[in-house]
């Protein structure tokens, strides 16, 4: 009898000891795994670079802070600012430290060192198609060219607004524009655009559908054309397909974190499509053309006034001028 009781007690003690050993083993194993995992993270973290809105930029977020060197007495909202300029500016200045100089000057206006980025572009036409506007605020310097005033206003329309575009097969189909935000955008080295409006029987109105020479010419030998026709009317379209492409586009809305500073020219560009409205010049400003150093000094002086007519960061993160839908 006593032997059975002792055996039971011994079995219980052995079970407790074994359970304690198993729990300690599991705990040590988990500690080992967690330690190795944390060690691995610590070792690889210096080599891992995450993307901020599609580009390696140190986005600082939104932090209210007062900067003693700021000329503004109000707390400045820390943000990122991208300044886009023609490559000719850098070539004329010819100073390896010019960006650092400008950064120091922007600091006096409340922009901390490292919050302003400078990016050059070679061709405004190419830039407008895919501008890559990633900062909280984006300011584009566009040199005025009196030989392409119409192109410049249309380029500004592309940069300041977001567009959703579809390819068009004008050899098989006719098209119509459904609203004022619906436009046909043509690009190429030489774009001549002709249209023939159609009636409900698909017969030409004032033109013959079988003879492109009777079509109305809406653009001739241009690099960029934003075609606006009568809404709700079908049109046959003819373009120089070897040197030009055309897309059916809808304007989604303004990029309110983008502004254009026109350098030179008698008047600021007007990109308003509706002739009954006040010209849309709030985010298009003009400064007199001088040497590029003088242009940048003027930009620094007025940058905070420019920012006041903008909104921080557009709804689009990778803000390309076109969104293609295939």
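Backbone N, Cα and C define each Cβ position, glycine as well.
Summarising the annotation, Swiss-Prot assigns signal peptide to 1-50 and lists sequence analysis as the type of evidence. The N-linked glycosylation site feature in Swiss-Prot is assigned to 69, 146, 238; the stated evidence is sequence analysis. The annotation disulfide bond is assigned in Swiss-Prot to 82-135, 165-249, 191-244, 196-207 on the grounds of sequence analysis. Annotated Ca(2+) 1 binding site per Swiss-Prot: 95, 206, 214, 216, in sequence order. Taken from Swiss-Prot, the feature Ca(2+) 2 binding site covers 177, 228, 229, 301, and the record attributes it to sequence analysis.
Comparing C-alpha positions, residue 228 (Ca(2+) 2 binding site) sits nearest to 249 among the disulfide-bonded residues 191, 244, 249. Distance noted between the C-alpha atoms of residue 238 (N-linked glycosylation site) and residue 191 (disulfide bond) is 10 Å. Recorded residues residue 82 (disulfide bond) and residue 196 (disulfide bond) have their alpha carbons 43 Å apart, per Cα-Cα distance. Scoring each of the disulfide-bonded residues (82, 165, 207, 249) by how many neighbouring Cβ atoms lie within 10 Å, the top position goes to 249. Residue 191 (disulfide bond) sits 39 Å from residue 95 (Ca(2+) 1 binding site), counting Cα to Cα. The closest partner of residue 249 (disulfide bond) among the binding-site residues, by CA position, is 177; the full candidate set was 95, 177, 206, 214, 301.
Residue 196 (disulfide bond) and residue 206 (Ca(2+) 1 binding site) are 8 Å apart (CA-CA, integer value). Mapped onto three states, the DSSP output places residue 207 (disulfide bond) in coil. DSSP assigns residue 301 (Ca(2+) 2 binding site) to a helix. Ranking the recorded positions 196, 244, 301 by Cα distance from residue 95 (Ca(2+) 1 binding site) puts 301 first.
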